[in-house]
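Reviewing the structure listed below.
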Amino acid sequence: MEEEARKLLEEGIRKKLVSPGKGELSTFPNGTKVVFHYRTSLCDGTVLDDSRTMGGQSKPMELILGKKFKLAVWESIIITMRQGEIAEFLCDTKHCTHLTPWKVQRHCCGIAQIHSHHSLGHKDLDQLQASPQPLVFTIELLEVLPPGSFQLDVWAMTDEEKLEFVPQIHEEGNMLFKQGQIKEATDKYYNGIACLKNLQMKEHPGDEAWVKLDHMITPLLLNYCQCKLLEGQYYEVIEHCSSLVFKYEDNVKAYYKRAKAHAAVWNETEARADFAKVLELDPTLGPSVAKELRAMEERIRSKEKEEKGRYKGLFNYNTPPATATTVSAVLSFR
């Protein structure tokens, strides 16, 4: 313990033990996942950030050691802790000058836009960036998970790991879909698409690698659209399927799902056109298309019947309108 404290002091970090942890100190090899709660304070006690209260939730932070996290000092202090330990770390200003951090990462989606305007999006962090000062980090180390004992989050994966991960997540999505867990399946497909889109952004559109990734994205996107059909998100289905048929004019599944979405939102002309395209591309789908068309026509007839009943009697030209009678009566008294 004294040796750890000495090394921290040499780096400009003063550690104060609040509550001891249990067991032996981990060696923390690269790839270790650490889960912890934290509170960030100024030296006068002003709290800047607290994972236990942020956003009305008590959500701990998770880090993968060796993944070059922006606030490098956190790795330096966490590797001195045992699981279950709580400690305070007073860190010199030199450790607190790169605030691309915790608060911004967890609360702001437009990070690139914020940084382009030289702001972190939070007044207190902007002041610290302009005038850095020592900070106190209070850390409670909840879990230490060795490499290989957990599923990596997508952000922590290498490009190779992402490519290996996609078939697995695709299969998991299919299993969840078969079990009727549509929301969970949707999330799996979405994560798979996000993985591949991240890789695709590094390639030039139209290049061989880009096209290969796009062919991997397509079945995931079609499965995602099937989930969205069941969830009633018809316009989202139309948007995604339109993007697919724009690139792949012979994608019968995209036309079929878009036709069903159009039918669901009363776009009869568009639905019929898409169903016709489905039959052109795959005549064996005739029975399925006929069934969908009958269902659409029945819904249209029911809607028209309902509307006729709703407006029946509102316009009876054999009886003078009530307003006209009232006006005549008024005029007769003048």
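Including glycine, each Cβ sits where the backbone N, Cα and C put it.
What TrEMBL says about this protein:
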DOMAIN    31-85  domain 'PPIase FKBP-type'
REPEAT    252-285  repeat 'TPR'
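In the predicted model, the repeat 'TPR' (252-285) shows an average pLDDT of 97. Shown for the repeat 'TPR' (252-285): DSSP residue counts in helix, strand and coil, namely 30 helix, 0 strand, 4 coil.
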